[in-house]
Amino acid sequence: MAPPAARQRYNANKQENSVSRKPQKKLPNAAVVKKENKKTSTLKKSSVSENISASDKSNVVPSVAFKTFVSARLCSAIWAYISDCDETYNYWEPLNYIINGYGLQTWEYSPQFALRSYTYLLLQGVPGWIYQKIFHPSPVLIFYMIRCMLGFGCAVMERFMYKSICQEFGIHIGRLWLIFQLFSVGMFISSTALLPSSFAMYFGCSALAAWWTKKYPLAIFFVAIAALLGWPFSAIIGLPIALDMLVRKRMFRTFFLWAGISFVTIAIPMIVIDSSYFGKITFAPLNIVLYNVFTSHGPNIFGTEPLSYYLINGFLNFNIVWILALITPIMLIIDYFVVPAKSSSTLNFPRYITLAPFYLWLVVFFAQPHKEERFLFPVYPLISLCGAITVDVFQRIFFRLKTLLVKIKNSSTATHYLDHTMFIAIIIMIISTVTGLSRVFALYRNYHAPMDLMMELSQFKTSTEYRENQIYNVCIGKDWYRYPGSFFFPATNFRLRFLKSEFKGMLPAYYAEGENATQIIHPYFNDMNQEDERMYFPYDDCHFLIDFDEGKYTELEPSYSKRTKDWTIMKSLPFLIQDKSHRIYRAFYIPFLTDNYTSYGSFNLLKRKKMKLS
């Protein structure tokens, strides 16, 4: 049962989209008045009981939705692989340093640049640190505990957003959004990612949900959390909220009061914490904006992509829903002219402002040369929303055309457009769900091997060869960007080492040992993505080696697996070779066909036959 406000909008839409074949007979004026008075008193009594019933049952659907969201996000926490090396090296590795005392450091965490915030890491890291201190679990259990916590937080946001969507956009759109969210590949990837863009999604979309229900102070506070603690560019989501408050509603006092409160309660503690870690006054959100916007090179040195990158990526993550979301403005214009409008709107806001955050985000980030999948994370729930709105518009237009061209049976009483068009929504939901599940299965099947492979090191820890006081060097070459993180090491005496490969960019280095390691400036860090030879480790000192054998070799990237005199294969798992696989069949798993059009190499964990022990 939906909230009373949503039920009123449903009834209003029902009157708007209903047809009646037989005209009612005209009654004498006195009879009309008498009938209306009787009807009014009856409606007053029934409306009270209906509102009470709706209020009592309003928590049923949101609670069920919350359970389904939690289930979906826990599945993501367990089965999703780390798709972005930035998540590993910029967040999981520093977090491993905070919890376990060692980890890799990137140039963004050097006090010389200070682009990343330790405050953000502590929000995720403190529960893991407490878990580690009390129970002393295997590091990988801390990893999955934090992931489950992120998934639960995402489910809380989605529950709040679902209830707000039902109130502002209607029950039907809310339920469509629910289905699209549950089976969205984009949400499967982003919901449990330890990334500021995912954090910005949690609080940015919560801000929109608060705004749609006219909770303005809460909306401002959530935007501040998303922009300051998460990703500063997520402030774009809050621009329509600010315009609504300052231009449309003239709520100057509320806006500036809560903007000030939010800044003081979030930014000041953040500056204090980050300054203590970096050893100097630091405001990380300002630093990252200055680097990305006001430096001569900015982020473009890390790779640029054409516009088609986001278009293809959006389809892979949201399939048909992505296409529907892109055409929503056009469909709303058609809906305005084709479907009769109500005399008074049941919406709190016009659609052009409620959906503005999504399209404003696309305009800004589509124009940037440097494109990454995670840059769209903050507006992923809005893709599902716009897709749901387009489906609803399709249904309304279809019903309108049908009433004009075909006589509807049993139309002596009012009929609702959903009674005749649900097949459209069902078809789109089935297509979206099946395609989404196919993509999720393909991702797990094709790319999950590195995380499974690292688990095998725990077998060595239980063997008689293992020594607690020995540092074991786990080396990696060309596949450095597929490393899932040091949480997958079975103990704190394992270290990742980089072998020289064809990659010529900047690699991370371990935090210095001892106190105040976060305040030390390493001489080999730079913000130009320039290679430094001091990052590489001697091949002969490697105890283990991770190597993807895909059949292509160079002098710097040989087939280590074939050096049988040096290595034995501890574990080998299949991993997709993209160049040798069909782009459709590698993107989506199609039973009985995918295996015929895809090719896999061997992702190997190698163990040196004769270990050099210190």
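Keep in mind that glycine also has a Cβ here, set from the backbone N, Cα and C atoms.
Feature annotation from TrEMBL assigns compositional bias 'Polar residues' to 10-21.
The region 'Disordered' feature in TrEMBL is assigned to 1-46.
According to TrEMBL, the feature transmembrane segment maps to 141-161 (among others). Taking Cβ pairs closer than 8 Å, the transmembrane segment (141-161) reaches residues 62, 65-66, 69-70, 72-74, 76-78, 92, 95, 99, 124-125, 127-128, 131-132, 181, 187, 191-194, 198, 201-203, 205-206, 208-210, 381, 485, 487-488 in its own chain, all 6 or more past its ends.
According to TrEMBL, the transmembrane segment annotation covers 182-212 (among others). Residues 68-69, 72-73, 75-77, 80, 82-84, 86-87, 91-92, 95, 120, 124, 146-148, 150-151, 153-154, 157, 160-161, 163-165, 167-168, 218-223, 225-227, 229-231, 234, 237-238, 241, 244, 316-319, 321, 348-349, 354, 357, 373-384, 432-433, 436-437, 439-440, 443 of the same chain, all 6+ positions outside the transmembrane segment (182-212), place their C-beta atoms under 8 angstroms from a C-beta of that stretch.
Within its own chain, the transmembrane segment (218-243) is flanked in space by residues 117, 119-120, 123, 196-197, 199-200, 202-208, 210-211, 255, 258-259, 261-263, 266-267, 270, 285-286, 288-289, 353-354, 356-357, 360-361, 364, 378-379, which lie at least six positions past its ends and keep a Cβ under 8 Å from the stretch. Annotation source TrEMBL lists transmembrane segment at 218-243 (among others).
Residues or ranges marked as transmembrane segment by TrEMBL: 255-273 (among others). Long-range neighbours of the transmembrane segment (255-273) within the same chain, counting only residues 6 or more positions beyond its ends whose Cβ lies under 8 Å from a Cβ of the stretch, are 117-119, 122, 216-217, 220-221, 223-225, 228-229, 242, 245-246, 281-284.
Annotation comment: TrEMBL describes 315-337 (among others) as transmembrane segment. Away from its own ends, the transmembrane segment (315-337) comes close to residues 180, 184-186, 189, 351, 355, 358-359, 373, 380, 382-387, 389-391, 393-394, 396-397, 428, 431-432, 435-436, 439, 587 of its chain (Cβ-Cβ under 8 Å, at least six residues beyond either end).
Marked as transmembrane segment by TrEMBL: 349-367 (among others).
Residues or ranges marked as transmembrane segment in TrEMBL: 379-399 (among others).
As annotated by TrEMBL, transmembrane segment applies to 420-444 (among others).
Through the fold, the transmembrane segment (420-444) approaches residues 79-81, 83, 172, 176, 179-180, 183-185, 188-189, 316-321, 324, 391-392, 394-396, 398-399, 402, 408, 586-590, 594 of its own chain, all at least 6 residues removed from its boundaries and within a Cβ separation under 8 Å. Proximity of distant same-chain residues to the transmembrane segment (379-399), defined by a Cβ-Cβ separation under 8 Å and at least 6 residues beyond the stretch ends, is recorded for 17, 157-158, 161, 165, 169-170, 172-174, 176-177, 180-181, 184, 186-187, 190, 201, 204-205, 208, 237, 314, 317-318, 320-322, 324-325, 327-328, 331-332, 334-335, 338-339, 351, 355, 357-358, 361-362, 417-418, 420-422, 424-425, 428.
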